[in-house]
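Peer 1: So Swiss-Prot lists the following for this protein:
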| type | residues | note |
| --- | --- | --- |
| ACT_SITE | His24 | active site, proton acceptor |
| BINDING | Tyr19, Tyr70, Asn72, Asn118 | tRNA binding site |
| SITE | Asn14 | site 'Discriminates between blocked and unblocked aminoacyl-tRNA' |
| SITE | Asp97 | site 'Stabilizes the basic form of H active site to accept a proton' |
Amino acid sequence: MRPGRLRLLVGLGNPGSKYVGTRHNIGFMALDKLAGQKSVSFRPQTKFHGLMAEVGVGSERVRLLMPQTYMNESGRAIRAAIDWFGLEVDQLLVLVDDMDLPLGRLRLRAQGSAGGHNGLRSAIQHLGTQDFCRLRIGIGAPGCTSEERRARTVSHVLGVFSRQESLLVDQVLDEVLIGLDLIQCLGLERAGNRLNAFQPEGCSAC
C-alpha cells in the first residue's frame, strides 16, 4: 500500500454488549480508540451491515467500519462498502485478532491466507482474493498443547482481558494508532518495520 492510499479501515469483531471487551473484538477496540482520538462517532449503516465513522475530508477521507454481521459473515459488510464507495482492494486494511501471536505483538501484512480466522476467511471469500492488507493483533493462545488450545479456543477468544492484560492492550492500541498514521504517511513497508518489531513495556512473554 502506497502512502495516502488507505480509504477503508475495517475492525473485525462480534456485535452486541455480551462481546464488548472480548479478545475476538480487539479490532473493534482499535477502531473505537481511533474514533475517540479523532472525536468522531459511529453510526448504523444498514447498506454496509455495520457501524461506520469517517475521519479526514475530501481525498484524505478514511471510512472506519465495524461489521455487525458476526465474525463469520464479516466479508459481506466489507464487500458492500468496497462496492458502494468504488474502492480497490488495495485501499483496504483489516484489523483482526490473532491467537498465533502473543499478546502485545503485531504483524502487518500486504496479503495472506485466513490462517484459521473465520472473519478473514469470510473477507477472502467475498472479495475473491487474499491480496488485501491486514494488521494482526496478538491475543495469545490458551493452554500449552495443541489439544488444550483446541479445547479452550472458544472460551479464550470470547473471554475478556484480565486487568494485567488490559495494561498491555492499552499500549498495543496506542501503537496501532501510530502505525495507522505511518501507513498513510510512509506506506505499508515502512510502517511494518516499526509495527512488526513492537514490544510493549513489561511484557516478558513477547
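Cβ atoms are placed via backbone N, Cα and C, with glycine included.
How about a rundown of where these features are and what they're close to?
Peer 2: According to DSSP, His24 (active site, proton acceptor) is assigned to a helical segment.
Cβ neighbours of Tyr19 (tRNA binding site) (same chain, under 8 Å, six or more residues apart in sequence): Gly13, Asn25, Leu158.
Neighbour density for Asn14 (site 'Discriminates between blocked and unblocked aminoacyl-tRNA'): within 10 A of its CB lie 21 other CB atoms from the protein chains shown. In the three-state DSSP scheme, Asn14 (site 'Discriminates between blocked and unblocked aminoacyl-tRNA') falls into the coil class.
Taking a C-beta cut-off of under 8 angstroms and a sequence separation of 6 or more, Asp97 (site 'Stabilizes the basic form of H active site to accept a proton') has the following same-chain neighbours: Leu12, Arg23, His24, Asn25, Ile26, Gly27, His117, Arg136, Ile137, Gly138, Ile139, Val157. DSSP assigns Asp97 (site 'Stabilizes the basic form of H active site to accept a proton') to a strand.
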Peer 1: Measuring Cα to Cα, how many Å separate Asn72 (tRNA binding site) from Asn14 (site 'Discriminates between blocked and unblocked aminoacyl-tRNA')?
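Peer 2: A Cα-Cα distance of 9 Å.
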Peer 1: For each of Asn72, Asn118, count the other CB atoms within 10 A of its CB; which of these binding-site residues has the top count?
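Peer 2: It comes out as Asn118.
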Peer 1: Counting across all protein chains shown, how many other Cβ atoms sit within 10 Å of the Cβ of His24 (active site, proton acceptor)?
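Peer 2: Within a 10 Å radius of the Cβ of His24 (active site, proton acceptor) lie 23 other Cβ atoms.
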Peer 1: Setting Tyr19, Tyr70, Asn72, Asn118 aside, what same-chain residues sit with their Cβ within 8 Å of the center of the Cβ atoms that define the tRNA site, listed in sequence order?
Peer 2: Asn14, His24, Thr69, Met71, Glu73, Ser74, Gly119
